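Visitor: I am attaching a structure below and will ask some questions about it afterwards.
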Amino acid sequence: MEHKSCKLPFVRLFYILFLSHLVFCQLDYKYYDSTCPNLTRIVRYGVWSAIANDSRMAASLLRLHFHDCFVNGCDASILLDDIGSTFVGEKNALGNRNSARGYEVIDNIKANVEKACPSTVSCSDILTLAARDAVYFAGGSYWTVPLGRRDGRTANKTAANELPSPFESLDTIIAKFNSKGLDIKDVVVLSGAHTIGFAQCFTFKSRLFNFGGSGKPDPELDASFLKGLQSVCPDQVDSDTNLVPLDSVTSTKFDNSYYKNIVNSSGILQSDQVLGTDNRTASMVLNYNKYPFLFLKDFGASMVKMGNIGVLTGQDGEIRKNCKVVN
Ligand code: HEM
């Protein structure tokens, strides 16, 4: 009896290790090497031409991948259209509506991939590769991504409404990352994505005029930077959708100036600036400000982690033919 109960944890451990190994192994760096050898070229060209046409697209594709992975895992659920009253997608969820961009870029790439390798490559793998290439074309680092994700057959607008928001506390944001298997370091590193792209005034306007009901701007904002923001985002509702670069220094370049901005009290979102003052994150901000290559290296590692959230593999999900609709 004693002998049996003593063995049980080992048996369990074996199964846990063995099964988790299997799940992880279903994502594979060479997954499409024989079934779609031109995949990476097709995606890379699609991303390159989209960015050549609109330099903001690098940022938009990167954010699309984040918003996909944080809802139902990286299953391309974000790409599904609403269908009348029968199917509710995520495109109209709070953080996506009039904000997320780049859907048509992925749809075009998918159409080209389908021509070359019909019913073979998932939309979620295409989006993962596109985000990686977008960072590379914006001047960031390059990392290899394991492939073999399958597409979800469902979407979850309610969960998409809960994507991290700039109005939330750092504790809440950290908790949301933790719930996806990401840690505080991933929060700091992945927030560095805000080195490219734009934000609408309403996402930070509460900092500019009457911060927390004080009648004054957020004291964490540099005075001359604040003036610039106030002129693009005057205190009236019709400025809500005006755009400001998240990194005003090098807005299309994927570098570490996001962290420099924070150090200089010029982080746009409150959820960005707080990383410079909270004692759990401030030293990382200083490090990435000082060591640009450390940031680029860590960014790739955190992106691979993010790209593995809740992936569907094996017989789960499907390979959509069109990223907008389930088969
Ligand atoms: C930590 C929590 C995060 C919050 C609260 C947050 C919030 C936001 C907000 C409010 C915007 C502006 C949206 C708009 O005005 O329409 C934005 C833009 C952006 N976010 Fe985040 N974000 C977070 C994390 C991330 C992560 C993890 C990534 C990617 C790895 C990312 C990538 C981007 C990019 C690239 C843009 C610019 C998009 C464009 O110009 O189209 N963000 N984010």
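Just so it is clear, glycine is given a Cβ too, placed from its N, Cα and C backbone atoms.
The following feature annotations were taken from TrEMBL:
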SIGNAL    1-25  signal peptide
DOMAIN    26-327  domain 'Plant heme peroxidase family profile'
DISULFID  CYS36-CYS117  disulfide bond
SITE      ARG63  site 'Transition state stabilizer'
ACT_SITE  HIS67  active site, proton acceptor
DISULFID  CYS69-CYS74  disulfide bond
DISULFID  CYS123-CYS323  disulfide bond
DISULFID  CYS201-CYS233  disulfide bond
Visitor: Let's check the environment of CYS74 (disulfide bond): how many other CB atoms sit within 10 Å of its CB?
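Guide: Within a 10 Å radius of the Cβ of CYS74 (disulfide bond) lie 28 other Cβ atoms.
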Visitor: If you count other Cβ atoms within 10 Å of each one's Cβ, which of the disulfide-bonded residues CYS36, CYS117, CYS123, CYS201, CYS323 has the most?
Guide: CYS123
Visitor: So if I draw a 10 Å sphere around the Cβ of HIS67 (active site, proton acceptor), how many other Cβ atoms end up inside it?
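Guide: I count 21 other Cβ atoms within 10 Å of it.
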Visitor: In the structure shown, which of the disulfide-bonded residues CYS69, CYS233 has the fewest other Cβ atoms within 10 Å?
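Guide: Among the disulfide-bonded residues CYS69, CYS233, the sparsest Cβ neighbourhood within 10 Å belongs to CYS233.
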Visitor: Among the recorded positions ARG63, CYS69, CYS74, CYS123, CYS323, which have a Cβ atom lying under 6 Å from any atom of ligand 1?
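Guide: By the Cβ criterion, which requires under 6 Å to ligand 1, the hits are ARG63.
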Visitor: Between CYS74 (disulfide bond) and CYS323 (disulfide bond), what C-alpha distance do you get in Å?
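Guide: Cα to Cα, CYS74 (disulfide bond) and CYS323 (disulfide bond) are separated by 13 Å.
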Visitor: Between C-alpha atoms, which of these recorded positions comes nearest to CYS323 (disulfide bond): CYS36, HIS67, CYS201?
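Guide: That would be HIS67, nearest by Cα distance.
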Visitor: Expressed to the nearest Å, what is the distance separating CYS117 (disulfide bond) and CYS123 (disulfide bond) at their Cα atoms?
Guide: 13
Visitor: Show which residues of the chain containing ARG63 (site 'Transition state stabilizer'), separated from it by at least 6 in sequence, have their CB under 8 Å from its CB.
Guide: ALA100, ARG101, GLY102, ALA193, GLY197
Visitor: If I take the Cα of CYS201 (disulfide bond) as reference, which of the recorded positions CYS36, HIS67, CYS69, CYS123 has the closest Cα?
Guide: HIS67
Visitor: Measuring C-alpha to C-alpha, could you say which of the recorded positions CYS36, HIS67, CYS69, CYS233 are within 10 Å of CYS123 (disulfide bond)?
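Guide: The recorded positions close to CYS123 (disulfide bond) (Cα within 10 Å) - there are none.
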Visitor: Restricting the comparison to the recorded positions CYS36, HIS67, CYS69, which residue's C-alpha is spatially nearest the C-alpha of CYS233 (disulfide bond)?
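Guide: The smallest Cα gap between CYS233 (disulfide bond) and any of the recorded positions is with HIS67.
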Visitor: Check the domain 'Plant heme peroxidase family profile' (26-327) for me and report the mean pLDDT.
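Guide: Averaging the confidence scores along the domain 'Plant heme peroxidase family profile' (26-327) gives 98.
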